[in-house]
Amino acid sequence: MNWAELAALASAAVATFTAIFFARAAWHKAWDFWAFTGFVADYRLLPARAVVPAAGAILLIETLVVLAMLVPGARVPGLVTGAVMVAAYGAAIAANLARGHTRIECGCGGAPQPLGPALVVRNAGLAALMLAGGAGADGILGLAGAGAAIAAGGALFITYLLFDQIISNAADPVARRS
């Protein structure tokens with residue numbers, strides 16, 4: 001396997017991870033949209049009248065990122081958009097941490113997580129991964145390479161879930177109840 005093939009494989013693995021990551025995120029938001037709007041409101045970064053439209057826009061953009069991972073030629077813009085989204089979420093978390101608002105549920109989907117510095121670091125890492133995934137996006141994979149990329153992307157997602165659970169478990173148990 002040469003460097004171009006390896007870059008194509010890595011890019012496809014990151015695209016698979018990104019598709020799964022944002023599909024899960026969008027599903028959680030769509031499943032209980034009104035609870036999600038509550039999470040958006042809790043961040044206190046938007047006027048009340050902007051919360052529902054912003055929540056809808058977030059859900060739409062996350063869905064478009066998933067679709068971009070499936071459309072040839074749309075992977076790089078989708079990865080960049082995904083990176084911008086997780087970076088924006090990290091910035092929103094950091095803004096609340098700076099204001100001392102730590103007893104807010106992240107709204108990230110999955111296990112309940114109060115805001116903390118680990119989430120900012122996690123999101124920075126996710127943004128970097130998605131941006132790096134754009135390299136090699138033009139490469140072509142055979143059937144075996146595509147299978148390997150899907151497996152690697154799934155493994156990346158499982159690794160993400162494990163680290164996310166570790167972050168949740170390490171959080172203050174009192175904060176998780178509020």
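Residue 1 is the first one shown; counting continues down the chain.
Glycine is no exception: its Cβ is also placed from the backbone N, Cα and C atoms.
Here TrEMBL flags 6-27, 48-70, 76-98, 119-137, 143-163 as transmembrane segment. According to TrEMBL, the domain 'Methylamine utilisation protein MauE' annotation covers 10-133.
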Response to the item:
Same-chain residues at least 6 beyond the ends of the transmembrane segment (48-70) with CB under 8 Å of its CB atoms are 15-16, 18-19, 22-23, 25-26, 29-30, 33, 36-37, 40-41, 77-79, 81-82, 85
Worksheet, complete the sentence: Averaged over the domain 'Methylamine utilisation protein MauE' (10-133), the pLDDT of the predicted model comes to 94
Worksheet item: According to DSSP, how is the domain 'Methylamine utilisation protein MauE' (10-133) divided among helix, strand and coil residues?
Response: 95 helix, 2 strand, 27 coil
